[in-house]
Structure formats: structure tokens, C-alpha cells
Amino acid sequence: MEAEELIGSSVTIDSIMSKMRDIKNKINEDCTDELSLSKICADHTETVNQIMRVGNTPENWLNFLLKLEKNSSPLNDDLLNKLIGRYSQAIEVLPPDKYGQNESFARIQVRLAELKAIQEPDDARDYFQMARENCKKFAFVHVSFAQFELSQGNLKKSEQLLHKAVETGAVPLQMLETAMRNLHLQKKQLLPEEDKKSVSASTVLSAQEPFSSSLGNVQNRSISCESRGQAGAARVLYGENLPPQDAEVRHQNPFKQTHAAKRSCPFGRVPVNLLNSPDFYVKTDSSAVTQLTTRLALSSVPLPYVTCLLHLQLLALAGLAKGSGPDRDAILPGSRPRGSDSYELRGLKPIQTIYLKDSLVSNEKSSELMSDLIALKSKTDSSLTKLEETKPEIAERRPMQWQSTRKPECVFQNPAAFAPLRHVPDVTPKADKESPPISVPKWLDPKSACETPSSSSLDDYMKCFKTPVVKNDFPPACPSSTPYSQLARLQQQQQQGLSTPLQSLQISGSSSINECISVNGRIYSILKQIGSGGSSKVFQVLNEKKQINAIKYVNLEDADSQTIESYRNEIAFLNKLQQHSDKIIRLYDYEITEQYIYMVMECGNIDLNSWLKKKKSINPWERKSYWKNMLEAVHIIHQHGIVHSDLKPANFVIVDGMLKLIDFGIANQMQPDTTSIVKDSQVGTVNYMAPEAIRDMSSSRENSKIRTKVSPRSDVWSLGCILYYMTYGRTPFQHIINQVSKLHAIINPAHEIEFPEISEKDLRDVLKCCLVRNPKERISIPELLTHPYVQIQPHPGSQMARGATDEMKYVLGQLVGLNSPNSILKTAKTLYERYNCGEGQDSSSSKTFDKKRERK
């Protein structure tokens, strides 16, 4: 008897060792694949081409970009530009209307905005806004945007973004609540480390994507068949139908990396843990598995075999499953499953009733369970290729009593965490303020969608897995007063219900002639969109006289009182100043309501910022001409008591070869008896901001706000930075990447500003006079207008030019008094012969001719 037991034990040990060797060989093969992948990834161009060939998915792009960023540490200017270029390339090839519901695509957009914030914070706001519009259902997109605004000192804007995220139903809600709480506590980080850990699990599970990407991870994502199978099983487990593309399993993926280290690293502002991270499984306690098992027990729907396998693996990880026995058979009936089999889980018992006397599983049973799992996995992988999309119909359930005395708890605290990512709501624009309708899957009760879960009954418990209604945050469509009012198309969309938020927001470069804007009864046809920023958009339009104008549209529904006041100031300043100078952009018409503002303005060819980016080298005469235009425009606003305080290249536009000033959004009007004004907050662009606008000059606080002084000399500093950019190709402090270090360098007198030698000595002198930190010692606009650099320098040939001009006047004077063609021809021949012989002008004859003209 003992001999038989020894023989049986030896056979079991041999079997275990054999399986361990197989696993070891499998790991070695995967490591070899990873090394090959690393060699391939050394050539980024080849990697990008490979991504395009295998499907061009956001998951592959994010996997590549994270690895590229990890290898780019520490970050410098060249690497930063390279990263921004790669992220921009990814966004260009990934259409937002197709991947707007994809988490990996959202993280790519957010990370690009964060990198732009490092390089140029002014441009970063547009990228954050783009990410918010394209991927509004993800909470981390809104939190990242709010964190950026908070870092720029825009507390109200940050709070407004978080409130709007809650209204639109962004998930997970817990992340937004945490960010809102920290914002009210005046913390610098909206998601501290301890809060990031608490929301990481819910963030990953709410996505329910096979390639759950993390903003806080810089490791490669596993996109193997195993991960796709488990993620698909999780979605079936919670009542979601598998799309056909997820039911199919790729036989080979060149980006497979199944054994890479999974750890949470600070990447961006909202790091979370992956679903396949070891830390996640460590945190999976028995209570979560208990509730999951209880839910399976109450289900009357036949679930595929892969769902049962996933549940069995969860039990094994929690240490709750036995190697064999009736309880295990209740969980996974049958010993030889097939890929097409499904099982009734009606008789599954809650986990509390399973025999759990021992907290730890014995070594023999653990090895047996592991061998069964390996066998089941191999069969499941083969069966997944035949798996088809199932459409389970949930029968009406009557309330059931829990078999345990313990009150049921929701596995996840956020009721919106299980919103299926692949469900896109159908939003139809309406003129009223009602929320748009949403198409709900058959297994959902539309009336109970988005309700708060309760533990009173099973129905209340299941409500935590309902799909939340996404609220429309776009302006109501009005056929007579919206830039997106395509009258015929809009009526058709309202009838068919095919409009989406993205479709109602985006305007193509070559738009239809049906797109029009009505301003004070005048109709303007939209040609294209030429700019956007924040809540405003600029369109190139054609007026009724077939003249090209620009219309600036501002959405006021989400704007606070300070923003609305800034736009009203802009209109008032334009009306006031355009009468005194042609260097100010012209305002032809405007319309103001509580919902929007329309401004019909002069249309420029290109703004100065875009022009500088396109020009490799600037002609000295162009630079001098544009510099004089800027001085004249700023001099006019200073004469009318206005300090712009946010001058930058984007505030100037080129119109028919002349530079004109635009955008007075944050300008302030000074009183006649003052030389400076006190602002309630720091505004302006860091690269062009004067030191006195950064430093607390007043040493006083009002309503807990730091007040700073700005004066006309502050605009001189900004103009000097623009001229520095036009001369050297960068701003004086652009090479300093860290924003805090940049601010210190601007206000620190010990930090010397570099002025490399150039051929134009007067230009270098102007730069030195403008970039003086002490505003009292800084040059003024009138002094700059009289500076030798602005004046046209006389050339040696100027006297010769004046002589040629006099000769031309003489010739024209001889011809202008003649009437008959014969006289004109005779005089012309005489003049030609005289100049051809070198005789030149006869002054006496010229004077005589002038006297004859006077007598006539």
C-alpha cells in the first residue's frame, strides 16, 4: 500500500516538474520575442510602419510611445520635440470619430497636451481642449485639463472643468470627486499619490478594454490573445455582448510582451494600475470574489465557458477554490468542455456556503488546480476562435433573498464605472435644454439608467452596473444663430437621430455652401474654420457682397463672468480704437446674447505666430517693417489708456502686408491720473510676460488674491520678446523647460539675457533697451519710434535716386500739357534723343514750361 502511494506521489511530482519545464520554456520563448522586439524598435520608422500594417490601433501606438518616452529619459529639447512629433503623428493617423471612445486614444491626446505644456503652455490649452472634446467620457482627460489650468493659476476654470465633467457623465466619478475635493482644499495636485491608488482599480475596470492603458505606466502593454480573451470574458460577465472583432483572436502580434514588468510609474498626472498588474491582484480580496460569485449564482443566463474560466482563475488567485470536489463542479460543470458549450449558473451557490475550513490550499491541491487551469486555458484558447457574438436575453427576475446574512455590497463604488466603452450614444441637437436621448442596450432598463446603487434589494444592487446617460454639453442648434447651422442637414439629422457631439462640433476645411451664420439679420457663408481657442472659434466667411470676412464665435454657456467681461471689453476697445489707427483690426459688426457672441471682423492672411514658424529666415526689411507696425499699434492703445498685458505673436495678424493688432481679451483701461494699473490675477504668456507682472509688486492682498502691477512698460517687454524671437528664432527664456525655473530666471537680475552678435547693431541695441527688468529704466514706445533702428538709413545712392525722380517729373511735365498725338510723339522723340545723348534735363526750359502751365 505504501509502495503504491510512493509510486503515485512520484508520478504526480514528475507531472508537476514536466509542466514546470514547459512553463519555463514558454517564458524563455517570450523573452526571446521581447529581445527581438527591442531590436526592431531601435528603428522607430520601421516600428511605425509595423504599427500601420498590423491595424493602426491606439493600443499599439500607446505601447510604442510609452516605450519611446521611457527611453528618452532624461528629457531635453531635442527629445521633447521628437516625442511631440511622434504623439502628433499618432493623432493624425487615428481618426477621433472612430476612436473617441477608446481609452488609449484618450491617453495619447492627454499626454501630447502635457508635453506641449512643457514646451509651450500657450499652445497646450488648445490640445487639452481637443482631448476634452474628442474623449469627454474619460475622467482623467478632464482632471488633466483641470490640473493644467490650476498650474496656470486659473482656479475658476479648473473648477468649471471638473463640474462639466460630472455633468457629462465622465467615468470614474470617484476620480472627479477626489479632484474636486482637493481643489477646494487648495492643494496643488488634484490627485495625490494616496488618492491615485484608491481610484486606480475602478479606472481600469471601468474602461473594460483589452488594452487597458494607464497614464501612470511607462511599460509596454500586453495585447496577446490571452489578455483579449480575459477582457472579453469580463465584458460578457457583466452582461455586455462581445463585438465580432473582439471575438476573433489574432494568431500572432508583433507587439506581444506578456512578461514585461508591470509597475505603476508617474506618467502624466493621473497614474493608475493595469488590470494585469500584480499589485491589482494583491489588492483583490475575498469579498470582491465573494460578491462576484454571488452574482454568478443569481444569473439565469447561459454564459460561455471562458466566463467560467475567468471566475475560476479569480477564485484561485484569492485562494478560495479547492482542487476538486462538488463545489468546484458547481462552479465549472463538466470535465471536458468544448468551445461551444455554455452553462447554466442558476444553481451556483454563494461563496459563503462553499466549504472553506482551511484558509490555505494544500500543495497537492494547489498543483492539481494549476494543472487543471493550464489544461483549461489551452482548450479555451482554441475555442475562442470559434466564439461568436451572443445576444443573451435577460428574463424578468423576481426579487430573491440572499443566502448570506451579510448585506450585498457593490463591487465598485462608482455606478458609472461599468459604462461600456463601445456603446456610442445617439445625440440629436435640440433647441431646448433637455438631455439628448441615448440608445440603451436591450438588457438595460432605460428608466433606471444612471441611478444610485442601493443595497436594499437585488434590483438595486444590479443598478450599479447600468450605463450612465451622457449629457450633451454643446450649444443648442438654432437655424438662425449658430455657426454649425446647416439648415437642411440639421433637419435631416433631427429626423434620423444620427447626429453625434463630435459631428455637431467639427467643421471640415472645405465646408458646404449650406453652412451659414446670421449676424443681425445678415447672412454669411462659412468657407472654413481658421482658428480656435478655449470657447471661441474663428471662421472665414463670405458676406452678401461676396467679400471675405472673419467671424469670431464665442460660446458663453460655460463662460464665467470674468470671461464674458473680457469679450465685452474686446468689442468696446475695437470700436474705440479702429477709428484712430489702421494698425488695429477692423470690427464691422457684432451680436451679443446670453448664449453666444458673434464678431464680424477684417480677415487676415496669417497670424504672426504662424508666419514666424513657417519662415526659416526673416528678411531684415520685413522685420523692421513689422516692428514699426507693432510699435504704432501699441502706441495707439497706450494713448487711449489701455495696457494690453498679453502681447504675443498670435495677437498680431498680417493683412495685405501690414501687421495689425487683435485680441484685447484681458486688456485693462487705466485711469487718466495713473501710470499703472493693479490686476487681480497674473495673466499673460510666460515667455512674453514682464518681470513686474510676475513679481508681487504691491505687497498687498485683496480677497486672498495676489495683485500685480502692470504699466505700458510691461507691453514694451513683451514687444522686446517678440522682436527677440524674430531675430534669434526663440524667446529669451524659451530654452528653460521647467516653468518654475523660467519664472525665477525672468525676475532674477543676476540671470543675464544672451544677445548674440548680429550685423544690425541698432537692432541689438533695441533688444537690450526693451529687455530691462526694471520698468523705470526700460525704454518707452515713443522713444522706440524715434530710435535709429526704425528710421530708414540713407544710402549712397539716395542722391542719385532723387536726381532720377526730378528727371521723371520733368519728362512727365513736358508731356502732360500736350493735346494732339502728333505733339506728344514729337516731344517724346526729342526727349529721348536728348537723354540718349547725355544732355539731361534743361532746367531753363523746364521753368519756362512750368510758367506756361501756370498761365493756362
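For all residues, glycine too, the Cβ spot is worked out from N, Cα and C.
Summary of the site annotation: Swiss-Prot records ATP binding at I530, G531, S532, G533, G534, S535, S536, K537, V538. Screening the candidates K545, K546, K552 against this entry identifies K552 as the one listed for that site. Counting only the Cα atoms, the space from V538 (ATP binding site) to D646 (active site, proton acceptor) is about 19 angstrom. The two recorded residues, S536 (ATP binding site) and S820 (phosphoserine), have Cα atoms 63 Å apart. When the Cα positions of I530, G531, S532, G533, G534, S535, S536, K537, V538, K552 are compared pair by pair, the longest gap among these ATP-binding residues is 14 Å. When the alpha carbons of S532 (ATP binding site) and D646 (active site, proton acceptor) are compared, the span between them is 17 angstrom. The recorded positions near D646 (active site, proton acceptor), taking a 10 angstroms Cα-Cα threshold over the set I530, G534, S820, amount to none.
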